[in-house]
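Note sheet for the following structure.
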Amino acid sequence: MRLGPRTAALGLLLLCAAAAGAGKAEELHYPLGERRSDYDREALLGVQEDVDEYVKLGHEEQQKRLQAIIKKIDLDSDGFLTESELSSWIQMSFKHYAMQEAKQQFVEYDKNSDDTVTWDEYNIQMYDRVIDFDENTALDDAEEESFRKLHLKDKKRFEKANQDSGPGLSLEEFIAFEHPEEVDYMTEFVIQEALEEHDKNGDGFVSLEEFLGDYRWDPTANEDPEWILVEKDRFVNDYDKDNDGRLDPQELLPWVVPNNQGIAQEEALHLIDEMDLNGDKKLSEEEILENPDLFLTSEATDYGRQLHDDYFYHDEL
């Protein structure tokens, strides 16, 4: 990206914001396929340093902690892990680590350690300076204008998360800002935000054309690009529940704020498919211990990370 002197500084901010957004997107839409085993490992153990720590555990301690986790996943204590039990556990794990990460971020953003994060503190942490855009004045430069819109959107979300209208966000409000999908009072705001961005004709719905954004069909092409076919399939089969060719506010929600349920269910089914030796569509402790590495390279143990977090392997959860 080439920027003139006037836009260089803000261009760097835009790159930072884009990188941050990409990180969030990757959390929600982790690629499958060739990286399947890596995805499994991170789901159970976490990042590479957690995997390394797991390896350092003695075999007996590894098995002891793994058995403790298996016992907790088995909600009805029947000795088997079903798809539902695995999915519920993985979703709980996602939420636990998201909350832990938000708590760590809160400390970093709270520059004066007063247990609140102000908008200025958020800006300083994100961009090393306080940024203030005029909401009603568009910028001529396309990149500057793109960043202005992104920044104003974050500001509105920050203000919505601030329930008590105090000088900044408490920890709970900061979690609502970072993870609106986990907080009920943010739902309506997120939907309205999506409508403002995508509902071009103002009818209160998002059509397929609006869903696809700026894509224009190429009359010289024999068929649509593969990514368009995928997006159309998602629109029809995943989001448009009443099959009326448009997304109403409630149908918008799983698109704009996807939760982890689908990811967790897919991972649970993957584990059962790979580890179920007798074809009963569930996993016994024996089947898991027959191939523990696969289980420890999956979301079920956050890629083994849970073996180092006593929140998961201690008796009281």
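Using N, Cα and C of the backbone, Cβ positions are placed for all residues, glycine too.
Keep in mind it's a predicted model, so treat the numbers as computed, not measured.
Taken from Swiss-Prot, the feature signal peptide covers 1-22, and the record attributes it to similarity to another entry.
Per-class residue totals from DSSP over the domain 'EF-hand 1' (61-96), listed helix then strand then coil: 27 helix, 2 strand, 7 coil. The feature domain 'EF-hand 1' is assigned by Swiss-Prot to 61-96.
Counted with DSSP, the domain 'EF-hand 2' (97-132) comes out as 22 helix, 1 strand, 13 coil. Annotation source Swiss-Prot lists domain 'EF-hand 2' at 97-132, citing sequence analysis.
Annotated Ca(2+) 2 binding site per Swiss-Prot: ASP110, ASN112, ASP114, THR116, GLU121, in sequence order. For ASN112 (Ca(2+) 2 binding site), the number of other Cβ atoms no farther than 10 Å from its own Cβ, over all displayed protein chains, is 10.
Among the features that Swiss-Prot reports, domain 'EF-hand 3' is placed at 150-185. Across the domain 'EF-hand 3' (150-185), the DSSP tally of helix, strand and coil residues reads 25 helix, 1 strand, 10 coil.
If one looks beyond the domain 'EF-hand 4' (186-221) by at least 6 residues along the same chain, the residues whose Cβ comes under 8 Å of a Cβ in the stretch are 153, 156-157, 160-161, 176, 180, 228, 231-232, 235, 245-250, 252-253, 255-257. The domain 'EF-hand 4' annotation in Swiss-Prot covers 186-221 and rests on sequence analysis.
Residues near ASN201 (Ca(2+) 4 binding site) in space but far in sequence (CB under 8 A, at least 6 apart, same chain), listed by position: SER207, GLU210. Per Swiss-Prot, Ca(2+) 4 binding site is recorded for ASP199, ASN201, ASP203, GLU210.
Remote same-chain partners of the domain 'EF-hand 5' (227-262), defined as residues 6 or more beyond its termini with a Cβ less than 8 Å from a stretch Cβ, comprise 28-29, 87, 90-91, 94-95, 180-181, 187, 190-191, 193-195, 204-208, 211-212, 215. The domain 'EF-hand 5' annotation in Swiss-Prot covers 227-262, and the record cites sequence analysis as its basis.
Per Swiss-Prot, domain 'EF-hand 6' is recorded for 263-298, and the stated evidence type is sequence analysis.
What Swiss-Prot records for ASP276, ASN278, ASP280, LYS282, GLU287 is Ca(2+) 6 binding site. Shown in sequence order, GLU287 are the residues of the chain, 6+ apart in sequence, with a C-beta less than 8 angstroms from the C-beta of ASN278 (Ca(2+) 6 binding site).
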Within the domain 'EF-hand 4' (186-221), residues counted as helix, strand or coil by DSSP: 18 helix, 2 strand, 16 coil
Between ASN112 (Ca(2+) 2 binding site) and ASP203 (Ca(2+) 4 binding site), the C-alpha gap once rounded to whole angstrom: 45
Cα-to-Cα gap, ASP199 (Ca(2+) 4 binding site) vs ASP110 (Ca(2+) 2 binding site), nearest whole Å: 36
Cα separation, THR116 (Ca(2+) 2 binding site) to LYS282 (Ca(2+) 6 binding site) (Å, whole number): 46
Per-region confidence, the domain 'EF-hand 1' (61-96) (mean pLDDT, whole number): 90
When distances run from the Cα of ASP203 (Ca(2+) 4 binding site) to each of the binding-site residues ASP110, THR116, ASP280, the nearest one: THR116
DSSP-derived helix, strand and coil totals, residue by residue, for the domain 'EF-hand 6' (263-298): 23 helix, 2 strand, 11 coil
